[in-house]
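**Student:** Submitted below is the structure of interest, expressed as structure tokens.
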């Protein structure tokens, strides 16, 4: 991927984040400013901020990757993520705001009058926050590696440094402006390229068989295997190999691989002919996550779908960085209005990642072999459009991806930090 435009785009997002955060710092003066922005954030600004921090690496990159690998049944993820705000609207938003608490442990202690419950709530906040923060750092590393080839740890370090500086300097007041700005940046970063990608798809004859048949290579494609894997073939496969297959070294040699499982060593290059079916790659994970073919509904237990819906529907109200933002509303009515606005904002956003997933299955099916399905959003502009236009659109997507990592990580840091003691 051409980094001539993408790296400056990421740098611009980082600088803009610092500058917007500095604006919040100018008006952050008290403890209430730092923790809850003095409870003066209106519904529109708060809704944009909540949407900005909620749309994380999983939303920006992961949903497209899931749709690419497993097909349209993965649309239950964005549906559940959005529907979770109905629970917040009905049962959580107003009571949280009326409590007058600063943090979730404060709220738990106020309702149950128990220091033990407060400590337990604090432990859960830290645990959930840490588990949610790790994918943001991993996503930042993946994005920077795809853009520049830099080591994966560097992206996480950059995100951590910017987030800590922003949160420590201005607290909730600063990150409110940062997250609201980054929501609109993320929406733009997916919407504008998606429009051009759809035009390119229509110019290619609008192929519509993405999930009606096994994924195939639309042109000859060279795939480099970055980690050892097993290919599971349901029919014989002809492939040109440079590297090690089944323990034997080959140098640009055409092989006829029979049906069955074949061990591919790290660093091997596989050249697939046009029209070849994309084989299944197994890296030792669950079958559901490793297959390159979209599993049909008959292959996925119905209880798994119901479990996914229930978990995503109820999971939103357990995210500390989301819930804590309702403390910034002026009153309970404003908190409910904020939630309604959030439903609209994230609903609009979640229309876009599935588009990238479907197009990725058509134009970048090899990502299921390399294990980089999450990179589909980053790679499609260059793959489908190319030239200067593809580079510029790719840079816009890269900037939006970093905005996703920064906004979510800043909200998590603020929620996990909390107050060390009541009073």
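Any Cβ shown, glycine's included, is placed from N, Cα and C.
According to TrEMBL, the record shows the following:
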TRANSMEM  6-25  transmembrane segment
TRANSMEM  45-69  transmembrane segment
TRANSMEM  75-96  transmembrane segment
TRANSMEM  116-133  transmembrane segment
TRANSMEM  153-171  transmembrane segment
TRANSMEM  183-201  transmembrane segment
TRANSMEM  303-327  transmembrane segment
TRANSMEM  339-359  transmembrane segment
TRANSMEM  392-417  transmembrane segment
**Student:** Residues of the same chain, at least six outside the transmembrane segment (153-171), with any C-beta under 8 angstroms of its C-beta?
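**Tutor:** Cβ under 8 Å, 6 or more out: 14, 17-18, 21-22, 24-25, 28, 33-35, 37, 136-145, 178, 402, 405-406, 409-410, 413-414, 417.
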**Student:** State, in range form, which of 6-25, 116-133, 183-201, 339-359 has the highest count of Cβ pairs under 8 Å to the transmembrane segment (303-327).
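**Tutor:** That would be 116-133.
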**Student:** Using Cβ atoms and a strict cutoff of less than 8 Å, what residues sit near the transmembrane segment (339-359) while being 6 or more residues removed from its termini?
**Tutor:** 43-44, 47-48, 50-51, 54-55, 59-60, 63-68, 72, 74-75, 78-79, 81-82, 85-86, 88-89, 93, 183, 186-187, 190-191, 194, 197-198, 201, 210-211, 326, 376-377, 380, 384
**Student:** For the transmembrane segment (392-417), give me same-chain residues lying six or more residues beyond its boundaries with a C-beta closer than 8 angstroms to one of its C-beta atoms, as numbers and ranges.
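**Tutor:** Distant Cβ neighbours of the transmembrane segment (392-417) are 1-2, 5-6, 8-10, 12-14, 17, 52-57, 59-61, 103-104, 125-126, 129-130, 132-133, 136-137, 139-140, 143, 147, 155, 159-160, 162-164, 166-167, 171-172, 175, 178-179, 182-183, 185-186, 188-190, 192-193, 196, 320-325, 377-379, 381-382, 385.
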**Student:** Using a Cβ cut-off under 8 Å, which residues of the same chain at least 6 positions beyond either end of the transmembrane segment (75-96) come close to it?
**Tutor:** 54, 59, 63, 66-67, 107, 305, 308-309, 311-317, 322-323, 326-327, 329, 332-333, 335-336, 338-340, 342-343, 346-347, 350, 353-354
**Student:** Can you tell me which parts of the same chain pack against the transmembrane segment (45-69), counting only residues 6+ beyond its ends and a CB-CB cutoff under 8 A?
**Tutor:** 75, 77-78, 81, 132, 135-136, 138-140, 142-143, 175-184, 186, 190, 289, 291-292, 294, 316, 319, 321-322, 325, 328-329, 334, 338-339, 341-342, 345-346, 349-350, 353-354, 356-358, 360-361, 364-365, 367-368, 373-378, 400-401, 403-405, 407-408, 410-412
